[in-house]
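Notes to accompany the following structure.
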């Protein structure tokens, strides 16, 4: 029996998506689709920005990629670091470091609020922005250094 290869377009699609997932898995912090596109282009990929947006959105809906809205309103992406499902993020405004956390109290409160107002099938995203300990110590060190004349 002769083995039939998938069509070239299908191989290219799966190869591009594999490369996108590899880049996402290497990320330590959240990046925009444009930043991910730049990384892929620098690595020789010809994947278009619109394709990256579509695939990131699909991967986000599938729970394979975390997506959040930055304080400036930009949508950012990173590999999903938890297998436990729904979670929240604590994000440093300076360096972008992110800590994922679960907090049952948030789930309870949102359910109560939704029920009180007659909502069903609710979901939510919680991103808490602040300055991480590492950035706090860097800022403190730079402030406490005496200026040389």
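Count begins at 1; order follows the chain as displayed.
Cβ coordinates come from backbone N, Cα and C, glycine included.
Since we're looking at a predicted model, the values are computed, not measured.
Together with 86, 107, TrEMBL lists one candidate of 117, 124 for binding Fe cation, that being 124. Around the Cβ of residue 86 (Fe cation binding site), the number of neighbouring Cβ atoms within 10 Å comes to 13.
Of all Cβ atoms in the protein chains displayed, 18 besides its own lie within 10 Å of the Cβ of residue 92 (Zn(2+) binding site). Other Cβ atoms within 10 Å of the Cβ of residue 95 (Zn(2+) binding site) number 14 in total over all chains.
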